[in-house]
Amino acid sequence: MGNGNSTETKESRRSKMRKKIQNFRSRRRLSRPGSGSVSGLASQRSVSADDFAGIALLTLIGAEMKFKDKWLACVSFGEQTFRSEISDSTEKPIWNSEKKLLLEKNGPSLARISVFETNRLLKNNIVGYCELDLLDFVVQEPDSTCKSFDLLDPASSNVVGSMFVSCSVEDPVETETCFAKRILSIVDYDEDGKLSFSEFSDLMNAFGNVVAANKKEELFKAADLNGDGVVTIDELAALLAVQQEQEPIINSCPVCGEALQLDKLNAMIHMTLCFDEGTGNQMTGGFLTDRQASYGWMFKLSEWTHLSTYDVGLNTGSSASHIVVIDRKTKRLVEELIDSKIVMSMRAIYQSKIGLRLMDQGAKEILQNLSEKQGKKMNSVESAQNIPSFLEFFKDQINMAEVKYPLDHFKTFNEFFVRELKPGARPIACMDQDDVAVSAADCRLMAFQSVDDSTRFWIKGRKFSIKGLLGNDVQSDAFLDGSLVIFRLAPQDYHRFHSPVSGVIEKFVNVSGSLYTVNPIAVNSKYCNVFTENKRTIVIISTAEFGKVAFVAIGATMVGSISFVRQEGDHVKKGDELGYFSFGGSTVICVFEKDSIKIDEDLLANSARSLETLVTVGMQLGVSFPKLENCVLEP
């Protein structure tokens, strides 16, 4: 279901998977004749449960809902989303829609299925979702067919229906054999199931590798294990397996022409999908997120008239009307909700020279006054009336089941906005290891090993600098060439921030300033310097593992106050609460000293694409570099 499994359950599944994969390897050894170098090397290859790769055929059979409507189902997997057809008006929609999904090494395995009630003119509304780990289907019995999953209300985790799916995962041996059959069929002109030398030569040419094309005779002899002058399916499979591991011979897909990476199994699976998309009722693809896939035709028309586009990365102009981030847990793309009127006003102010002139002519004061008035309004008893509409707008992004108190506990909107979570809702990674830093907030995160990387990939303000960020009252020399992590909190996020490291709070430094938005539209603008001009508080934390860490809490539009629950001299453990932001979006920036932290590779890779990563408090951020004085030379 994707709602968290126990360690025992995960280990049990992983143990079963290892056994099954060992069986795959045994079958490979038994099915390939001879003891020559090619087959011998092929049998030595290993596939582990951690880097399993294959093809999953996922079929959305139907659902049982609690009321009648016309229903639409979307499958989000990694950076792709697919949608079914819209059903008839019924409580029991039937789709029978299928899609082959690529299970890559170290890639996503969690698929999210979202069910929407459709609306002809307005946007479609999500009613329920379920999550399933496709690796679970690797260990199921071959006769397993349809499985039922509870559909959960995204706002409360209540069960709102049932989803019926089937899934089969093609094992590596089967993928290898089927791939060889499809490859062979391209040039098997006489359709005898074997390749002559001339047919084999044409195949090498189709692979787009000049070196391999010049070694056709040598490769043909290596493939023809029994010396009968032709290459069979098994012999071709063995050759492709070994050569892709030793010296790749496939540079481009012979079907679509796309250049392929060196990973042999992923390249093979890519080509298999190109050969055979399946014969059933196929889901429609080409979407990044389930929200994009679920839009009705009128909404699509409005998107077209505004010339806005969907894409990941650093977007400006009309492309900035959608913010797409990647969920670290599920490895799928998620669209961040933001009102279109707000988008247009932010673009006008922050991404134009006219907006810059407005800033110089009093707009800063207007934003300041607006934020103060809004802060007072959100502290009034009347503001509690806004909570239900706020929850409805962010229906699939706020889970009230995690909140410590029920909804009627909150007497003002700000009380709800700074809500606490239940104990254990945010587990802290490696709690007993102080050399592991963790995420400071539920946020959209950008991480850079150096400040230069941050200005190249993300921060476009012309005057951004560490000295400007930390101000004159903080000794910034140690941080100048350090690592930078940006935690951007959207309005729907849990707005309490926590310590990313264990240490002692040395001091607090308040820096007055403006209240620009911290939305990427402003951060990516070359016309203003959000982080160095906004109101902020700098906390210096002294640690044994990371040296000094500068924790910068930055206010933003509508954020009238930054509150702290700790004092100078307090010792904090990583994951301990430091404070909270009142209503609005806001940001925390952590600056580490140079060479003090090795940030996790997935966070750096996403940030290099200008793609924010959706994380929660306590997720691992990175580990400290070993200090030279602590190293012991072995004799």
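Glycine residues also receive a Cβ, built from the backbone N, Cα and C atoms like all the rest.
The feature region 'Disordered' is assigned by Swiss-Prot to 1-42.
Taken from Swiss-Prot, the feature domain 'C2' covers 22-147.
Restricting the average to the domain 'EF-hand 1' (180-210) gives a pLDDT of 77. Under the heading domain 'EF-hand 1', Swiss-Prot lists 180-210, citing sequence analysis as support.
The active site, schiff-base intermediate with substrate annotation in Swiss-Prot covers S586. Of all the Cβ atoms in the protein chains shown, 31 others lie within 10 Å of the Cβ of S586 (active site, schiff-base intermediate with substrate). Under the DSSP three-state reduction, S586 (active site, schiff-base intermediate with substrate) is assigned to strand.
Residues or ranges marked as pyruvic acid (Ser) by Swiss-Prot on the basis of sequence analysis: S586.
When DSSP labels each residue, the domain 'EF-hand 1' (180-210) comes out as 19 helix, 1 strand, 11 coil, counted as helix, strand and coil in that order.
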